[in-house]
Structure formats: C-alpha cells, structure tokens
Amino acid sequence: MAANAARIGVGALAARLGTAAVTAVLLVGCGTTDTPAPSTPTGGQQPGRAAQNASPLAGPPAPGNPLVGRPFFVDGTGPAATQAAQWEADRAADAAELRKIADRPAAQWIGGEGDVTSKVDAVVGRAAAKGQLPLLVAYNIPHRDCGNFSAGGAGSSDEYRAWIHAFAAGVKGRPVIVVLEPDAVAHAVEGCNQEPDRLALLAEAVSVLKSTGKATVYIDAGNPRWITDVKRLATALQQAGVATADGFALNVANFITTTDNVTYGNAVSDALGGKTHFVVDTSRNGAGPVPGNGDINGGPRWCNPPDRLLGQAPTIETGQPRLDALLWVKRPGESDGACRPGEPEAGEWWPDYALSLAKRS
C-alpha cells in the first residue's frame, strides 16, 4: 500500500481484535476485541482548523435514520473502564478523566480469531439485555490492510464467506450496527487488491448481514484525504453493495475534523445519487489531524500523534439530512502501533495515551 507515513494506523491485527476497537467491525462501545484497527492512508497531513474550536453538531436526526429508537450500547467492560476502576483508590482524579472514555459507547472489533459466532452473540446479547444498540466492526477481509500494520484477514474468499455467515449467525435477529471492513473499499480503489473480486465479496457480506433482519450496515469508505476522486469511490461503493447497505462510514481511526468529513460525505453521497446516508468516527478528532508533514519524534504523524483530543460524543442528533450518526469506532486509548520506542503494538491498550486524550478534552 502507500507509504506508511501516509497512513493512519489503528493497530496490529491480532492486537486490534484482541483488545477491542471493535470486536467486529462494529461495536461502538463494548468490551475487548482481538483485531487491530486498520492503517489508513491520509494523503498527507495538511494544516486544518482545530476541531475543538468548532461548534458540535446538534439538531434532529436525519430523516429516515435507521438508528433512531435505541440508545447506543455502553458495555462497561472495556479497557478504559477496567483501568478507571483500578485507579479509583490512589488515582481518583485520573480515574475520573478516564471515565470520559469508559462511559461512552465505543465499537468492538471482530476479526478472524476464535469463535466469531459466540463473540458476536455475547456482545449483542449484553446490549439487548439493556435495550441498547451495539456497534460492531467486521474486520477480516482477505489481505487485510494490504499487509501493513493490521495485516491478516481470512485466507481466501471462501474462508471469508464462511466467516461472515458465522458473524451473522451471532446476531440472531437482534438490533446491531456493523461497520464493514475498514479500508477495504479504499484499498480496492487504490489498486492494492484486484478490485472486482474484493468488492463483490463485500457485496456478498452486506447481503448476509442484512439478511439477519435488524443489522444496520455501513461500508467503510476511508476518509476525506484518501480517495479524493469521489466519483471513483462512489463506483466502488456501488460494486460493494452500498445500495443494499444502510450507507457508508468515514474517518475510522482517523483524526480529520467532523466538518471536513461531513463535506466529503455529502460529496460522496451526491455521487451516489444524493440519498445515501453515512456515519463519521469522531473518537479522536477533537483537535483534527496534526498540522504539517513529516515524522514526529521519529514516527509517522498518523501514529499516536501527540496533543490530540477526544471528539464529539456518539449521537444521532446531527442536524444533517444524510449524517445518521457520530460514532466512536476507534477505541480511544488503543495504540496505533509501536511507532516509537516504548509505544505498544497496534490495538493494545495504552493508559498514558488514553489519559492524555481525556485530560485535554
């Protein structure tokens, strides 16, 4: 894929799935997972407006929003909640800061390791018991992340088909949001994989997930600085089954401002005919991306950048006609990768980084 410096890493495959960040493309706000988040190309980090100076989105939900009716699921068993509980006795102030993360709904990532049906069933079941809506990330496409920081995935198309059916079996007709395969479409557009095969496989996955009856599915579509030709991206999304899905997802594990994502999302939607909805990952975009270019302290500027902020809390009250929700798809506090000495592997919990995000927010 493109040079690592131009990517936004989320976590190594095993680490990502093992901790959380979506026990299955999908799980905004639940326990741990075992799949790393993707390394996402940014097209270069250009100076941008600081999101903390922008007004948060507010207003009625988008017309026809399929997410209306249930609050998002807060699992309470994730690494932030566990860390906060451990700090209560002798680091009460820091524990209170971490609650800014622990008490918010965030995704759980599901990869190829272990019994995927049981994993999905467990998360969706806990959410259903509370009358809440879980967010999962399905992350197991063959040749995932084009062999980069979150490399891995199913060994073949047939293996992936079996996996996505097992994933769907865990839903058992209960409500769930699924963010489908971060980076997969954008990588196909880039030419990392043979485009027709991957996109057709994604279209099959969409149909399988939608056949569960109550799954709301958003196909990942990268971020505003990755695929700038929105018509080309729209064509790929069509081939990936966006007409059957509920829309597309932007900014997963990235730092780009909500304003820029909404502008880009509307442009992609326009290229799809103007009716397609989308969601945006705001988990760590409160300050936007780090301005400038080049490495930071010897590591890529997309990887665990300093002085970032938590973004706007998950909500469906966006006041935008095609923006269904702001979600926390990336779990704040999970490393983007061991990009500098002492930094954890991708997807591993990093309490110091989590605390820095929380304290500045």
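Just so you know, glycine gets a Cβ as well, placed from its N, Cα and C.
Summarising the annotation, TrEMBL assigns active site to D145. What TrEMBL records for D183 is active site, proton donor. What TrEMBL lists as active site, proton acceptor is D336. Annotated substrate binding site per TrEMBL: W109, W226, N254, W302, K330, E334, in sequence order. What TrEMBL lists as region 'Disordered' is 36-68.
Closest to W226 (substrate binding site) by Cα-Cα distance, out of the active-site residues D145, D183, D336, is D183. Once Cβ contacts within 10 Å are tallied over all protein chains shown, the binding-site residues W109, W226, W302 are led by W109. Largest Cα-Cα distance over the residues recorded as binding substrate, namely W109, W226, N254, W302, K330, E334, equals 22 Å. Calculated from their C-alpha atoms, the gap between D336 (active site, proton acceptor) and W302 (substrate binding site) amounts to 8 Å. Neighbour density for E334 (substrate binding site): within 10 A of its CB lie 34 other CB atoms from the protein chains shown. Only D183, of the recorded positions W109, D183, W302, have a C-alpha within 10 angstroms of the C-alpha of D145 (active site). For the pair D183 (active site, proton donor) and W109 (substrate binding site), the Cα-Cα distance reads 14 Å. The DSSP secondary structure for the residue listed as 'active site' is helix.
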